[in-house]
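Asks: Quick one: this structure, given as structure tokens, is what I'll be asking you about.
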Amino acid sequence: MKFVLLFGVLLVTLFSYSSAEMLDDFDQADEDELLSLIEKEEARAKECTPRFYDCSRDRHSCCRSELFKDVCTCFYPEGGDNEVCTCQQPKHLKYMEKAADKAKKFGGKIKKWFG
């Protein structure tokens, strides 16, 4: 009976070790595929339009800020008939970024205090 128990433990150990190695191989393959996809995406990415620059030709080309993508906002200037479009950050997103930044700084202070 002891022999069967010892053999069973050895079998389970070998099985778990081999499955762990297989999972590591799969994870490495997934990482390699993901990196190649990211490189392809970066290669085909076009230049973004900075904040407050004209985005009338491509309204989806605005750059990202720290957390959110800027939005192409169009308006008619006072006394003008031509529509003007610029990349801008909506105020509510601006306030959310400020709050997130302050929370991050406060979290760093708490971490520093309590080590």
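Even glycines carry a Cβ here, placed using N, Cα and C.
Pulled from Swiss-Prot, these are the listed features:
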{"type": "DISULFID", "residues": "CYS48-CYS63", "note": "disulfide bond"}
{"type": "DISULFID", "residues": "CYS55-CYS72", "note": "disulfide bond"}
{"type": "DISULFID", "residues": "CYS62-CYS87", "note": "disulfide bond"}
{"type": "DISULFID", "residues": "CYS74-CYS85", "note": "disulfide bond"}
{"type": "SIGNAL", "residues": "1-20", "note": "signal peptide"}
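Walk me through the surroundings of each of these features.
Replies: Taking the Cβ of CYS48 (disulfide bond) as reference, residues of its chain lying under 8 Å away and at least six apart in sequence are, in sequence order, SER61, CYS62, CYS63, ARG64. Annotation note: CYS48 (disulfide bond) sits in a coil segment as assigned by DSSP.
Listed in sequence order, THR49, SER61, CYS62, CYS72, CYS85, THR86, CYS87 are the same-chain residues at least 6 apart in sequence whose CB falls under 8 Å from the CB of CYS55 (disulfide bond).
DSSP gives CYS62 (disulfide bond) a strand state.
Annotation note: CYS74 (disulfide bond) sits in a strand segment as assigned by DSSP. Remark: CYS74 (disulfide bond) has SER56, ARG59, GLU83, VAL84, CYS85 as non-local neighbours, by Cβ distance under 8 Å and separation of at least 6 in sequence.
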Asks: Quick one: of CYS62, CYS72, which of the disulfide-bonded residues has the smallest count of other CB atoms within 10 A?
Replies: CYS72
